Structures are given as C-alpha cells and as structure tokens.
Amino acid sequence: MPGTDFAARVLYFSALSDIVSRCDWGAAPPKLVETFNGPSQFVIIHHSYIPGECHDSAECIKAMQSMQDFHQNDRGWNDIGYSFAVGGDGNIYMGRGFSVIGAHAPRYNDKSVGICLIGDWREKLPPEKMLRAVRKLIQYGVEEGHIERNYTLLGHRQVRDTECPGQRLFDEITTWPHFSPRPSGPNDNYKAFR
C-alpha cells in the first residue's frame, strides 16, 4: 500500500471495482487518522440498524453521511467507525479503509476490518448482492495482503454486548469460511472508541 498518506490510501482502493470513494459519497474529512501495522487478524461484521436499508446510490450516500455525522458529531469519534460499508445497491463504500484504527469493536479496533451492511438484519437476510460484495471485499483484502490469509471472521455481538449484526445476518455468516464461534482474540490492550 502506498505510504500512509490518507489521500494516497483512498486512491489505492480504486483498484477494487464497485467501491465508492470517500470523495464520491461526500465524506467529511477525518479528525485524525491513526494506522496500525497489518495485515488484519480479524474481520468483524456489523449492521447499521439505523439508518435502515438503502436501495440505490442516492439513498446509500445519505446513509453513509448520516452514519459519519452521528459517529463524528454525536459520538465524538475521529470518523465513521467502520472500515467499509456495503449498501443495498451492491456497492462497497469506503469508511476508514484497511489498516486504519476503527471505532467499531472495542479491543479489536487496531487489528480488524469492520464491515457494516447498511440496514436492519435482525429478521431479514440482506440481498445476495450485498453478501457477495462483502465476500468480494474480504477476498480482495486477503489477496492484497491487508487481511491475514487465516483471518478470523466474527459478528459484532461476539466482541461486545449487542444484537449487531442482527440475528439473520449472524446466522448467515456462521456458514462462511473462517467464522469462529468463539473469538480467540485480545483480552487486553483495550482500544476505546475514537
């Protein structure tokens, strides 16, 4: 990956088709960018719950802006909490990106990729194009060396007391390669949300 410059990192991801850059979804600048040495050991799956499902690019862009506004302004974090988000349009939206410390899973923020599927997936399974985009992003991360080949896949609920990523989505990811029923991760080095 070229340097640690944030703009260079954004350009680097244009190699993955179907990715919507921060510029293209109208992201506000991050307050601070802190990186960690990759590759990531963990991939953690989330749902947004609110905002709900988005079905086209305009709705998904609004959802991304809403999440970033909530995370930065209401929560006081440096940026949107997730590394990436996937919309109902099947596109991958860049959040913090690979190897940037996130604010999505305490104790895992400096060793994971956090992928949010926009919507409420407690009772309903996300559309196949969303699931396919998540798998494609993970595969790309592995192939490019951003995610360890023997990574551990987890649902957010496994590392924090939450319903996230929703029961139906959680049931789905338990069938995916690398899913672990028990996180064997960090028990110390707590990283607070930022």
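Counting starts with 1 at the first residue shown.
Every residue gets a Cβ built from N, Cα and C, even glycine.
Within the same chain, residues at least 6 positions away in sequence whose Cβ sits under 8 Å from that of Cys60 (disulfide bond) are Val20, Trp25, Cys54, Gly87, Gly88, Asp89, Asn91, Tyr93, Ile118. According to TrEMBL, the feature disulfide bond maps to Cys54-Cys60.
Taken from TrEMBL, the feature domain 'Peptidoglycan recognition protein family' applies to 17-160.
TrEMBL lists 28-166 with the feature domain 'N-acetylmuramoyl-L-alanine amidase'.
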Cβ atoms near Cys54 (disulfide bond) (within 10 Å, other residues, all chains): 23
